[in-house]
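Data block below; observations after.
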């Protein structure tokens, strides 16, 4: 039987081709036999190395004892006792081969062909996560006595993990919580629970004032800074930190109180003590059944109908000056045309733009949620919906024109679910204190979060007494941190237009097809009483108005603890807010711009709009 085929090595093949010697005879084989070494169940009679490896090419008869004891998969693993050996550059698996001790290992080739074996699980590598695996192989006798002997491998085990005993840091020695609760402790805990449970509390004793209303709760803690950017959204977030209750169970939501004196029973306490209310809405502390609640609401309706009165005129003894009477009669004579007919106004674009300006001021400076608003010069209630968007809790409107106040109250009654309580009074707020007309629960000092005067404050600068009374009414009822907002004619711009008139012009009139302004004198001594006649198409019919000296106004406000925080002309407000997230879309929603982005105002209306400016003061 012929011997099995000998592996072909690179060096031997080269020698056979270059010289014809003993190697040629040694490498000769029969072409009729082709047997694989794996088919013979016996060891080979001569040493062998893996064909194609670097070690086999350089040393064809080298022998590694580990080749017979380790499996081919783990043949590249070396023990901790072996010296490092060069790796094969042609083997993709990174296996290692032991060279004869008498031979010098060939250096590994450098360059792109140099192979760096990947990290495998070897006994010498402590970071390995796999244990060595042995495969039994037939034992062979080494052909060379100089071959190093293989030391049996002993698996290396890592040190056991360190065990940390549970020993937490204690403030005190551990003790048991299983201790008896004595009867006196139980009684004490029940007493505390009863005192803290609003469902078990008895109604608080009512303190009646001369008007029959209950004394209100103190005003909430004032804000120490201006509203933040998150508070400026004209459409506030739909959340509230108070318990949700049906509006009809919190306070009576019927027609507003529009006269001074005792309010209906539903307003027995104002401002309502929201913190003392229970989720059921029984804000007097009692817990009646469903029938009792229905009967209570019916009684409130009956009592309101008995006590309902029309909006009163000026209080007894209140004297109006001649010019104030002219202003009141003018606005009383203006009919309420409604939203539908208003669209046919020749200055509808200007009116919508002014409403947008007021929406910006309210959206930027309204206190949320559940703010309290004092509207001086409320007119016909044109801003009720704007304040509704701000989710206020209380609205008090005052105006010198009693017919306008009546129309404002009617507008509030027609509002579907206004969400706030409203009170309306006819009163000259620039000549008399508000305490002459407000009910006691509404004239608490520092009660209101916002005071607003839209297109009316300039009437107060007829003289120093009226201007100081106006500032006093604002400062007295505006809480610390509250904001006073308003819109007035730009006196500096009006004086510039007046000075542009030629000296020979004795009429002192300027304007356009939309408005006209006529001064009574070119030069005026003092900062009060510089009057002019103002006409605006379909709005103002030749009414006396007064310039507001801005520096004097800021000085008066500073004396009353009001600090200026905002001042911009109308065109500046438009340029600043037209692209804002909150107020830019309102230009289209409120009709200032049409679907094509075109303004409803013509050039004359735009000139009239730029005569005004907006402001905001914070009470310090």
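Heads up, the Cβ atoms here are built off N, Cα and C, so glycines get one too.
Swiss-Prot lists 1-176, 193-304 with the feature region 'Disordered'. Sequence annotations record features per position, and here Swiss-Prot assigns compositional bias 'Polar residues' to 29-44. The annotation S-adenosyl-L-methionine binding site is assigned in Swiss-Prot to 358, 377, 399, 428, 454, 459. Look at Swiss-Prot and you will find 380, 386, 411, 458, 545, 612 tagged as site 'mRNA cap binding', backed by sequence analysis.
Positions of Swiss-Prot features highlighted on the structure.
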residue	record	Cβ within 10 Å
377	S-adenosyl-L-methionine binding site	22
380	site 'mRNA cap binding'	23
386	site 'mRNA cap binding'	21
399	S-adenosyl-L-methionine binding site	29
411	site 'mRNA cap binding'	19
428	S-adenosyl-L-methionine binding site	25
454	S-adenosyl-L-methionine binding site	24
458	site 'mRNA cap binding'	22
459	S-adenosyl-L-methionine binding site	24
545	site 'mRNA cap binding'	23
> So of all those recorded sites, 380, 386, 411, 545, 612, which one's Cα sits nearest to residue 459 (S-adenosyl-L-methionine binding site)?
Replying inline: 545
> Are there any residues in the same chain, six or more apart in sequence, whose C-beta is under 8 angstroms from the C-beta of residue 612 (site 'mRNA cap binding'), and if so which?
Replying inline: 354, 357, 455, 487, 488, 489, 490, 569, 570
> residue 358 (S-adenosyl-L-methionine binding site) has how many other Cβ neighbours within 10 Å of its own Cβ?
Replying inline: 19
>> Can you tell me which of the binding-site residues 358, 399, 454 is spatially closest to residue 411 (site 'mRNA cap binding')? Compare CA atoms only.
In response: 399
>> Can you tell me whether DSSP puts residue 454 (S-adenosyl-L-methionine binding site) in helix, strand or coil?
In response: strand
>> Using the alpha carbons only, what distance in Å do you get between residue 399 (S-adenosyl-L-methionine binding site) and residue 380 (site 'mRNA cap binding') once rounded?
In response: 9
>> According to DSSP, collapsed to three classes, what secondary structure does residue 380 (site 'mRNA cap binding') have?
In response: coil
> Of all the Cα pairs drawn from 358, 377, 399, 428, 454, 459, the residues the record ties to S-adenosyl-L-methionine, which distance is largest, in Å?
Replying inline: 22
> Hey, of 377, 380, 458, which of those recorded positions are within 10 Å of residue 545 (site 'mRNA cap binding'), Cα to Cα?
Replying inline: 458
